[in-house]
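Visitor: I'd like to ask some things about the structure below.
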Amino acid sequence: MGFGEDLRCPQAHAAVMRLLDSELHLMEVMKKWMGQRAKSEREFSVQLHHMATIAEKLDRPQPGAGQDYISQLNKSWGVLVSQTDSLSQLMKKSSEDLLDGPISKLTLLIRDKQQLRKTYAEQWNLLRQELTKVTQTELEKLKSSYRQAVKDAAQAKRKYQEASKDRERDKAKERYVKASLRLHELHNEYVLSVQAAQVYHQHHYSQIQPALLSALQTLQQEMVLILKEILQEYFDISTLLHHEVVRIHREMSSALTAIDPHREYESFIHQNRSVGEIPACAEFDCSLLEDAEQLKPREIEMNDLTLETIQHKVYQFSKRHALEECRQQVALSQGMRAKLEAQRFILKEKLDQLGSREPPSALTLDQDNVSLSFNSSNVYSAFLCSCLQVLPVHAPVQEVDRPLGQQDWYHGAIPRLEVQQLLKSDGDFLVRKSQEKQGYVLSVQWDGSCKHFLIQNTDNLYRLDGQGFPSIPLLIHHLISSRQHITKKADIVLKKPVLKDKWVLEHDDIILGQLIGRGNFGEVYSGRLRSDNTPVAVKSCKENLAPEHKSKFLMEARILKQYDHPNIVKLIGVCTQKQPIYIIMELVQGGDFLSFLRHEGHSLRPKMLVKMTENVAAGMEYLESKKCIHRDLAARNCLVAENNVVKISDFGMSRQQDDGVYSAEGGLRQIPVKWTAPEALNYGRYTTESDVWSFGVLLWETFSMGMTPYTSMTNQQTRDEVERGYRMLAPHGCPVEISRIMNNCWQYDARNRPSFKKIRAELSAIYNKIT
């Protein structure tokens, strides 16, 4: 098999030219990529050297300051800095070697490849021209002359036969002989040309063209070998496992190992040990009481004058103490908290001693006693009176006066595709936020199609092309009540608003927490519902995604709206009123099943593992009854709740079809190959049976404690081996019954795979059997 034997036709030549062009493009990409790597390493080298220089300047001792103590930490830091500078020199050399070696050679190879392409194309065209000339052009010219000679000879013969006089007959005979001679000569010439064309044709396809293509293949293979050597050289230069890099990092590692926190300060303490007693603490100055009456040293004075102040300070100290407790990570706050606690304790102790009794009088006065007895009960009465004043009555807000976001027909930032699914009958309408422009869009169903009208906003008035209104609800109310055409050019009338469903939540209903993960469409956060503090998971959609991707993001919510099962993650709502769009789901605290297996699996008994896989099978049995195809069933897409209950999640690739069959188009970029059934990979045909295949892989993940399936194979190798009949062996310690279910799930013919109902029943029986 080779170029000369198998690439004869013009279509094959066109394929060869495309191959040469694609290889040239690939080599240009390699050159640019290597150049970027060399540039990056050069810049990285400069930055590392700059870092080392800055560190040396900062570490340089000040003149006259002296440095009588150098710790191991300082020494290790010095090694890190010096080795970083060595690494910068190594990176600089690597950058220079890349430019002088692989990149320079690749530039020459690209030039040679371009010349080869040009020469091959020219030679091919010359050969084709010669072949066309010999086998077509010259033959067609002779054939034309041949036809004319036949006509001339036939005409001369006829005139010869018709001639009556001797003189005319002699002339006709002469013309007839000449015409016959010309015909016979052309016949012989045509026979020779046909024979020559046949010989040349055979020689062209058996020797000339194969020789050209074989020479091209030889040169191509030589260039591939050269390119391989260039890539190997690039790898050898750029690898981070170079012995010099390893040596530098080993030096750094040794310097870090030398740091011993428990012995770090022994030398420092020995050199700087404190001498003398602890300084005296503050004492109460009793001389302050010489002219004061009834005041005792080191005791809080509790009486009717100080009661309110003490109560206020106790409250204030408690609040400040609570505030300081929130700053425990700050070491300096410990002393402050201790001081505040001591002050609070003294005051609280005094209040506890007083109990419910009246505080003693601070002054002996006769007339003022009544006014000073205005105590806390009077304060509380005044406070309650002020709080219980009757609030003014407000008239209920009319629906048309409510803000746009509170209108039931306003759907927020939902994608166009979902709008088309919501509007069914003529006159159905809704208002949404535009995805392409700033503003709002009125979407209406009319004459079997969905029409979209951008609502204009000029001078704070909203209109389509007629009268303006201060708000969009007033505009919509006018169009409905007046039954006017919405524009002058469109005879469309608004009839029935399509209301947002019960799942729609406001963004303000959600309190976002911390980031807990990232998905295909955006980030995932923990959070809580503001109404009842329910913990939730919040999936957000990136604002800059294309509309079709936002529609795919909301597909998961559209699927989950219909389902309610203990082994399927629960949808709580969607936030589409503004960007970013949120999908709100129950927060499953245990994390994903794959991570759970890898961290906790070795402590779980086989009985518990069987129960967890039965949970998944029960959820899939429910989906099977709803004709829902998950398409991405794997341990990573299941979540572990309380009591190790497993819930199926991540319905981003799921589809619900009336016939239970979904046909996908496109490449394998988004497909989890190692979990996907052969018929889905080969023909894009997804069914519940293809989910059963994925469940078999999930079983293998579970009893291997989270190992990656087909561990040593690439995606393509996995596809090839599965097609040849290879199936993974059961993990060590896996029950025989589970291994049998796995192999049944991996039947090549989808019709021979068990249903999820049967799988769940078998797993339940195995669970009850295991002790």
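Keep in mind that glycine also has a Cβ here, set from the backbone N, Cα and C atoms.
Taken from TrEMBL, the feature active site, proton acceptor applies to D632. Taken from TrEMBL, the feature ATP binding site applies to I516, G517, R518, G519, N520, F521, G522, E523, V524, K539. TrEMBL lists 139-189 with the feature coiled coil. Residues or ranges marked as domain 'F-BAR' by TrEMBL: 1-264. For 409-498, the entry in TrEMBL reads domain 'SH2'. Look at TrEMBL and you will find 510-767 tagged as domain 'Protein kinase'.
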Visitor: How big is the gap, in Å, between the Cα of R518 (ATP binding site) and that of the residue listed as 'active site, proton acceptor', rounded to a whole number?
Guide: 17
Visitor: Which value does the mean pLDDT take for the domain 'Protein kinase' (510-767) in this predicted structure?
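Guide: Here the predicted model's pLDDT, averaged over the domain 'Protein kinase' (510-767), is 88.
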Visitor: Among the binding-site residues I516, V524, whose Cβ has the fewest other Cβ atoms within 10 Å?
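Guide: Checked I516, V524; of these binding-site residues, fewest Cβ neighbours within 10 Å: I516.
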Visitor: For D632 (active site, proton acceptor), which of the three DSSP-derived states applies: helix, strand, or coil?
Guide: coil
Visitor: With ATP as the bound species and I516, G517, R518, G519, N520, F521, G522, E523, V524, K539 as its recorded binding residues, calculate the greatest Cα-Cα distance and give it in Å as a whole number.
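Guide: Looking at I516, G517, R518, G519, N520, F521, G522, E523, V524, K539 as a set, their Cα atoms extend up to 14 Å apart.
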Visitor: Under DSSP, is N520 (ATP binding site) helix, strand or coil?
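Guide: Its secondary structure by DSSP: coil.
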Visitor: Measuring Cα to Cα, how many Å separate the residue listed as 'active site, proton acceptor' from I516 (ATP binding site)?
Guide: 21
Visitor: Using the centroid of the Cβ atoms of I516, G517, R518, G519, N520, F521, G522, E523, V524, K539 as reference, list every other same-chain residue with Cβ within 8 Å of it (recorded ATP site), in sequence order.
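Guide: Filtered neighbour residues, in order: S540.
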Visitor: At a 10 Å cut-off from the C-beta of R518 (ATP binding site), count the other C-beta atoms across all protein chains.
Guide: 10
Visitor: Taking helix as H, G and I and strand as E and B in DSSP, count the residues of the domain 'SH2' (409-498) in helix, strand and coil.
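Guide: Helix, strand and coil residues of the domain 'SH2' (409-498) number 18 helix, 30 strand, 42 coil.
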Visitor: Would you mind listing, in sequence order, the residues at least six apart from G522 (ATP binding site) in the same chain with a Cβ closer than 8 Å to its Cβ?
Guide: K539, S540, C541, K542, L545, F553, P580
